[in-house]
Amino acid sequence: TADPSDDTEMQRDLYREHVPFVTCKFDCVYKYHLRCYLYQARGLAPMDRDSFSDPYAHVSFLHKSLRTEIINSTLNPTWDQTLVFSDIEICGKPREIAQNPPNIVIEIYDNDSRGEDDFLGRSLFFPMVKLDPNVYDTPKLFWCPVTRGNRHCGDILVAAELFLQENDGCILPVLPSERVPNIYMVPEGIRPVLQLTGIEILTWGLRSMRHLESVRSATITVECGGQTVETAMTGILGMNPNFQTAVLFLKVYLPQEELYTPPIVIKVVANRLFGRKEVVGQCTIEQLEEFRCEPYPRNQDNPPDLRGMAINVLCTPLFCKEEDDEVDWWAKYFASKGEHEMSALYTQRKYNTLKVYGCELERVPEFLGLTDFCQTFKLYTGKAKHDEEPAVAGEFKGSFCIYQVPEDPSAPQPPQHFRELPDSGSQECIVRVYIVRGIDLQPKDNNGLCDPYIKLSLNDKVVVDRENYIPNTLNPLFGRMYELSCILPQEKDLKISIYDYDALSGDDKVGETTIDLENRLLSRFRGHCGLPETYCVSGVNQWRDQLKPTEILQNLARCRLVLLILLYTDSHHSFNVSEKDHEFLGPMRERVALQALHDQGLVPEHVETRTLYSSCQPNIPQGKVEMWVDIFPTSLGLPGPAVNIAPRKPKRFVLRTIVWNTKDVILDDENVLGEKMSDIYVKGWLLGNEDDKQRTDVHFRSLDGEGNFNWRFVFPFDYLPAEQQCIISKKDHVWSLDATEQKLPPKLIIQIWDNDKFSRDDYIGFVELDLNNVIMPATEAKKCSLKLMDRPKETVSLFKKKSMRGWWPCYAEKEDEYGKVELTLEILTEEEAEERPAGKGRDPPNTNPTLSEPIRPETSFLWFTSIFKAFQLPCNKISYVWMYIFIYSIYILIYAALYSRIH
C-alpha cells in the first residue's frame, strides 16, 4: 500500500507549480528621514500595585520601529526624546506623500521586569512632510489622545518631521543635542520655552481614607516637571488627618505656554511598621491654569491703612414689640420668592428678605465652589482593569499658587500667598440642618406618589425622622430643623437622604445629596452661616451668628491683609447705609459693620436647592430639596437661637351661612294646569369639603321663583391666615392608611336646585364666593344683578369684616336667566363659636340669631282646598289674574248647582 504522506507531498508540489508568483516593482523609490519628537505624556493608566506604571513608548513607522527610554513609577512621564528613523524607502510621488503621508503609530507599554509588558494605549498621528529640508518650518507639539479600544487612556505631547532625501548628499538639519549617548532631546524651537516658576502647595490634609486610619503616619509627595517635594509625617490619620506643616514650596522650570504645562502629581505614602513604605493613593492634576496668579509685591507685607474711611449712618431708636402671627419665617421665605399674596403683612412692613438659590451653594458662580481656600482632589489606587476606572482611595485637601519667580538667586523672593491660615487642629462644631421642602420627588408608590421622610448621616451619627413622614405627596413641606454635633475635619461629609415610608415593606430611598462641611467652614466667603440683610436683636430676623458683625469684619480684614478702622464722624468719604427702619434693629455700629461685610461679597442669608441622586440611577435627578446648613464652632461660644421653620399650623374657623330667601329662580316644572313652578331648595359647601354638603328644606310649588328658608349652614374648617388658604385633609380611598393634605382657597359654593320626586333633581344656578375677596352684595333684591360680578374691585375679606348680609346673583344654565339668593355670612374663631353656639338648620341651639319657621304660601295641586290663599299670591302677569277669575267663577257655579239640587 502507498504511504498517505507521499500523496500529500505530491499535491503540494502540484499546487506550487500551478500558482503564479506575483511581484510588484515600482518605477521610483524615494528615501525619507523621519524625526519623531516625544516630549511627555499625561494621565496614563496605573498598571502596578503601587498605583503607577513604568511607561515607555514604542514608535512604528511603516516597517521600522524604535522605542523611548523607560520612566519609572509615574503616570505622567517626561521623555524629552527624539527618535530618528533613517533611510526609509517610500514608493510614490513626493507630492502625493506630502498630501497623504503614512501615519505614525505610538504604543505605550508598562515595563514589567518579571512578566510580559502591559499595554497602556495607542496613539496615531501624521508627520509634517518637508520636501525641501532647507525650508525652515518647525512643527508644533500637540496633545494626541491615547486610547485603548474605545476608552481614553491619556494624552501624549508629540510632533514629527518627515524629510525627503533626494540623494545621498542631501543636507538634513543638525541632530539635537544628546542627553546621554544615542538619546537625543527634543530640539530648541520645538520644545517648550521654560521659565522658573514657584509653586506654593497648601497640603491641608487627607480625607475619607478609612483603611488608613490606623496607619502610624503618612507623607505626601508632590511632583511637577521632574522636581519633588514632600511633607513632614502626619500623626495617626484617624486622630487628626491634617498636616502640621501645611505649606510647601517648589521651584521648577515650567513651559510659558499653558498648553505644554506638565501636570502636578500627588502621591500619598503610608509609613508602615519596620520602616516599610507604600504608595496608597495618587492624583494627577492636569489643568493648572486656575491656580496661576500674580506674585505679591514686597510691600504687601504691610497691609494698607484705610483709616480715612468714614461711614455715616443715622441711628434708629430701638423698640420692642410682639410679632404678629403672620410675620414668621415662612412669610420671609415667600416674600423672598416674590409670592407676596402668601406674605402680605411681611411685605407691607418691608422687612428684609433672604436669597433663594435655584442650585447648590457650591454652584453659585460668585462663591467659586466654596473651594477658595482649598480644593478636594480624589486619590486613586490599585491596578486599573481594562474596562474599569481605578478605585478611589480617599481625598486630598489642598490648593496651589503658581507664579513666576526671578531667575537670579540673590533677588528677593515674593511674599508667600498662603498666609493667615486657620488652625489645622480638630474642632468641635454644632451643625444645624434646616430642611424646608422637597420638589418633584421621584414617585415610589403605586399611586404615583410617595410618603417622604428625612434621614441624615454624619459619619457614625444617623438621624432617621421616620415618624414624621408626609403622606401622599411629591412636593412635601418638611419645615424641619436638626441639630447635630461633629468634629471637623474627621466628620466632614453630611449626607441628606429622602426615603419613602412603607408600612408593610422596606422603605425605598428616593435620593440623597452630600455637603462638605469643612469647605464651608474654611471658605473665606463664610459659607457656614449666611449674613442677613440687617442686624436685628429680636424678631423673626434675630441675629443667629456667634460673632457680631464688627468681630466678623475684624477677622475678615486680618485674613485679607487689610487694616480697616470704622469712624462715625463726618469725614472725607461717607455713604448711607440703606436700612428698612423697624423696631428690631440693633446698634448702629453693628449695622455699619454688616453693611461693610455685604460689600465684600460674602454668602448672604439664603436657602439653597440641592438635587437628589440615587446610586441606582447615578446621572438622573430624583428630585430636589430646599435647605440650608449653619455650622458653629464651639470654640467661638454659643450660637444664636435656631430659626423656627416649623410648618404653619392652621387655625380653626367656623363659617355660618344663613339662607334667608331666593328670588327670580327659574321655574323648571309645570303643574296640572300648565303653570310654571319649582320646588326650590338650596345646597352649600366649602371648596374641597364636598363630603360636608348641607341643604335647606324644600320650598314646594313656588309659582314666582321666590323661596323662603330661614336655614343655617355651619361649616367648620382649618385656615392659614398668613397664606389665605384652607387646609383640607381626607383619604383618597377607604383602604388608604393616611389622609392627603392639600391647600385650597376658602370658597363658599351656593347652588339652587329644583326638587323632583320621581326623577333626578334639576340644577338651576350657583354662586361662588371667595371668603378672602367677597363681592359686596346688594341690599335689596331689585338691585341685585349679574353686574355685581363684573366689579371685582369692590370686594372685602370676610375674615376682616366678620359678618355681612345681602343679595347675590346666581348664574343659571342660560346666560340671561339667573336667580338671587339672600345670605348672611359670618366668620367665627373656634373660641367665638363655643361662646356663641348655633345649630344647623333650625335645630337647637337655635340662637345667634334665632331662626323662625318661614311663612310660605300654602299652594298645592288640590287648588280648591286653598283657593283663597292661592288668590292672595301676588300676580305679576295679567294672565294670572284672568286665570284666577275663571277658577273662582267655576267654583261658584259648581257650588250653586250643588246647593240647588240639595234643596
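Positions of Cβ are set from backbone N, Cα and C atoms, glycine also.
Unlike curated records, TrEMBL annotations are generated automatically.
Quick caveat, the model's predicted, so the values are computed rather than measured.
What TrEMBL records for 13-144, 410-530, 635-785 is domain 'C2'. Residues or ranges marked as region 'Disordered' in TrEMBL: 832-854. Among the features that TrEMBL reports, transmembrane segment is placed at 881-899.
In terms of DSSP secondary structure, the domain 'C2' (13-144) contains 12 helix, 62 strand, 58 coil. DSSP states for the domain 'C2' (410-530), grouped as helix (H, G, I), strand (E, B) and coil, give 9 helix, 55 strand, 57 coil. Over the domain 'C2' (410-530) the predicted model carries a mean pLDDT of 92. Counting residues per DSSP class in helix, strand and coil order gives 4 helix, 1 strand, 18 coil for the region 'Disordered' (832-854).
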